[in-house]
Ligand SMILES: Nc1nc2c(ncn2[C@@H]2O[C@H](COP(=O)(O)OP(=O)(O)OP(=O)(O)O)[C@@H](O)[C@H]2O)c(=O)[nH]1
C-alpha cells in the first residue's frame, strides 16, 4: 500500500468537531469506506464508537484514531490521520487533547439544524490552537436543509468564512469526495523536523490486558521505530518499544512512525501510570531537551462518593479506578470512609454524564456493584478564624458556628436557542437562580449568556433545557468565579440516625422545599419493612421535614395461588435481585436510588 513513497508533505491530521447527532459518526464511516479501510461487513457497525456504552448511548466518549490513504484528483496519495473527538458538553477537555495532534478540524454542521453551542465552544478551542477549521454542511439530502442560511449562521456566530463550505450527505454519500479534496487542499501538512531528537505527544493511553499500556501518539519530530529504547519524559523511565503502527481502523503494525504521523506505541509498560496522556516520548540515545507543551489540565467539577456494595470488591475497585484514570486525566479519586456505606472512594468528574459513564464502566467492564452518593460541586468556606477551606463533600462542611461565609461556584453558560423557545429557557434560568448577562439575535437563533450557580447546572439543567426547548437549545458552560451565597447543609436521619452519605448542600431558599421533596421521595423508595421507619430532614438540630414508611411485610408470593412452584421461585429470585442494590443502614434497607434521590428534587 502506501508506505514506499512516504512524503511528510502528503500527511493531513484532522479531527471532526460536531454537535451530537449532526452526523460525525456517519461521516467518519463514509470517509473510511471511501478510502477502503474496511469491508462492507465491518462497515455494518459504526466503527469509531468502540465502547459498548458509547454505542448504546449513541455518543462518542473516547478519542480514537484512524489512518486512511486517499488518492486525490491531483494524482498524489495522501495519508489522512483522523482523530475522533467526543461531542458532549462534559468532554470538551478530551476535544482539546485530540486537537493537539492535528493541523485542521472539520466543523460538521447539520444543514437543517444550524450551529449549536457545543460546536461553538470546541470550534473556538480549535481556532485558539491555530488549527485550520473547514466548515462542512451535512444532511443536505433532508428536505428542510437550508445550507445557505446555515452557512450564513456559521459566518455570523462562529466567525469563519463559510459561503463556499462543502455540502454533503453522509447518509447518501453525496459530496464525500469533495470533503476529502477539501481536507487535502486546505489543511496544512504537519511541520516538524525528521532529524531533530524524537518528540511524540501522547494523545491517549489505555490499558490492554495482553499488551499492557497502549498509547496513541503524534510524532512531532524525529522517527520512532520498533526496537528503539524510548523514554517517557515526565517519569524518566525507559522502555523498549515492542510495536508501533496505526489503526486502519484495525491495528496495523508498521514498525515505524515518522515525523507528522499519528499511531500507536506499545512498549511493555505494565504500570498504569507509565505513559500519562499529555506526556512526551523521546529516545534514550538522543533525548529531546524539553517535553512538548502538552495540553491544558482540567479540574473535576462534580464530586460524589462511590462505595462497593460488597466490601470484597474494594481492591478491585481501586484497581479499576487506576485503569480508568489512565486515559481519563479528569477522573479524580481518593479513599473515603462513610459511617453508612463503609470504605469507598470520593471521585471527581467533569459533569453528570461523565459520572454516569464511569459508574457504568465500573459495573460493566469491572463487574463491581456500586452505590453512588448524590454529586456535589466544590464550595469555598471562609471560617470565623479567617481560614479558607474547600469543601467537596457535605459531610466536611464545618459546623454552622465556625462558618463566616460560604462561596459557591458560578458558571458562565452560553445557550443557543431558536426564538420560539427563548421564553421557556429564560424561565428555567431564573428558576435556577441565573442572572442574564448577554443576549444577541442571529437569524432564527438567539444567543443568551447567563451566570448560574454551578450546583444548579450540573444537576438536571441540561435535561430540563432540552425538554423545555424540544431538544433545540444547546449549552456550553465554564467556571467563572466563586460568589458568596446563603448555603446550608440538609441532613437526612433514618430512624434518628444521621446518614452521612445522604447529606446535601443547598441554598437556604430551596432548603425547605428540597428537604420536603427528598423525604417524600425517600418514603417512596425505601421498601416497607417489619417496623415503622421515620425519615427526617434537618438543618442543624432543626427538623424541616419528616415522613414515615409504615410497617408491612411485603409478601410477593401471596399473589401466586396454587402450586406453580417455578413461578414462585422466579418471583423470589426477582425479589432477591431487586435487593442486590440495597444497603443495610442499621436495621433499615435502603436502595441505591435513595442515594441519588437528591437529583430528582432539583426544583
Ligand atoms: N438525512 C441524513 N441523516 C443523516 C446524515 N448524516 C447522519 N445522519 C443521521 O443523523 C443521526 C446522527 O448521526 P451520527 O453520525 O450518529 O451523529 P454523531 O454526530 O456521530 O453523534 P454522536 O456520536 O452522538 O456525537 C443518525 O440517525 C444518522 O443516520 C445525512 O447526511 N443525512
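Cβ coordinates come from backbone N, Cα and C, glycine included.
Copied over from TrEMBL, here are the features:
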type: BINDING; residues: 21, 22, 23, 24, 25, 26, 138, 139, 140, 141; note: GTP binding site
type: DOMAIN; residues: 9-191; note: domain 'Tr-type G'
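Residue 21 (GTP binding site) falls outside any helix or strand according to DSSP and counts as coil. In this structure, the binding-site residues under consideration are 25, 138, and the one with the smallest number of other Cβ atoms within 10 Å of its Cβ is 25. Listed binding-site residues: 21, 23, 25, 138, 140. Those with a CB atom under 6 Å from ligand 1: 21, 23, 25, 138. In the three-state DSSP assignment, the secondary structure recorded for residue 140 (GTP binding site) is coil. Cβ neighbours of residue 140 (GTP binding site) (same chain, under 8 Å, six or more residues apart in sequence): 111, 147, 167, 168, 169, 174, 175. Taking every pair among 21, 22, 23, 24, 25, 26, 138, 139, 140, 141, the residues listed as contacting GTP, the largest Cα to Cα separation comes to 17 Å. In sequence order, 108, 110, 138, 139, 170, 171 make up the list of same-chain residues 6 or more apart from residue 23 (GTP binding site) whose Cβ falls under 8 Å from its Cβ.
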